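Trainee: One structure coming up, written as structure tokens, with questions to follow.
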Amino acid sequence: MSTLNLVLMGLPGAGKGTQAQKIVDEFEIPHISTGDIFRAAMKNETEMGLEAKKYIDQGNLVPDSVTDGIVADRLAEDDTKVGFMLDGYPRNLEQAQALDSMTAKLNKPISAVINIHVDADVLVERLSGRFICKNCGATYHKLYNKPKVEGTCDVCGHHEFYQREDDKPETVKNRIEVNTKLNTPLIDFYNDKKLLYTVNGDQDINDVYREIQKVLRAI
Ligand code: AP5
Ligand code: MG
């Protein structure tokens, strides 16, 4: 198989992070999540983190001028030689065009864009039931993806969990609206380039992954 340079797209709560974890475990490529990068910067209260927080807390997109630079720097790092898995970037047409110039410049062309499709009405419940291990960041859901032993993280054995700040109902509503509007032009863009593969995200987590594996083995 040639180098896997992947983009994972899908509305908030579609399961990008959940599936990205499985992909990077199996294919051993770095996981680049713009959301995770912003959350780490907010936690450390860096200048960029404080700037990003203004937008993230409202469920709006961080300006492209900030986001594009972060991704360009990250893709230029050495570990992406073996491939990469972008999660949550690009999110609008301008970012997709910016990514095109980055990958051309670095000679790391995108191999496939996997679009996890889930109807918007399912997403609110996904996000309101999500909880995350405080120690290692593993993600669970109170109904659909429980730890094997209640109150204990499957991955690291810790017992403390938290909910994301932007999973509050008012913020969730805006996140879904904002991203739904931007999604269609992005889908058209990658469809035209014959890079788009849509999988059904409204089924068991392992069944979603089986669909993704089929795509990745075929390319
Ligand atoms: P980001 O962190 O990327 O948030 P998001 O896009 O809103 O997506 P989520 O991480 O909430 O959902 P997910 O698809 O990863 O789902 P998960 O696997 O966790 O971005 C956060 C913010 O940062 C943005 O709002 C924006 O402000 C900013 N930002 C980020 N990127 C940006 C960019 N490119 N440009 C500008 N701004 C940017 O699953 C959700 C829940 O469902 C979990 O509980 C999980 O266990 C459960 N679940 C997963 N799959 C299934 C399934 N198949 N069945 C049942 N439950 C499932
Ligand atoms: Mg995520």
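Here the Cβ of each residue, glycine as well, is placed from N, Cα and C on the backbone.
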Trainee: Quick check on the annotations: TrEMBL lists region 'NMP' for one of 33-62, 123-152, 183-212. Which range is it?
Mentor: 33-62
Trainee: Report the largest Cα to Cα distance, in Å and rounded to a whole number, among the residues GLY13, ALA14, GLY15, LYS16, GLY17, THR18, ARG130, THR139, TYR140, GLN203 that the record lists as binding ATP.
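Mentor: Taking every pair among GLY13, ALA14, GLY15, LYS16, GLY17, THR18, ARG130, THR139, TYR140, GLN203, the longest Cα gap is 17 Å.
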Trainee: Round to a whole number and give the Cα-to-Cα distance in Å for the pair CYS136 (Zn(2+) binding site) and VAL62 (AMP binding site).
Mentor: 25
Trainee: Rank aside, I only need the closest one: which of the binding-site residues GLY15, ARG130, CYS133, TYR140 has its C-alpha nearest to that of ARG91 (AMP binding site)?
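Mentor: That would be GLY15, the closest of GLY15, ARG130, CYS133, TYR140 to ARG91 (AMP binding site).
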Trainee: Can you tell me which of the binding-site residues ASN60, TYR89, CYS133, CYS156 is spatially closest to GLY15 (ATP binding site)? Compare CA atoms only.
Mentor: TYR89
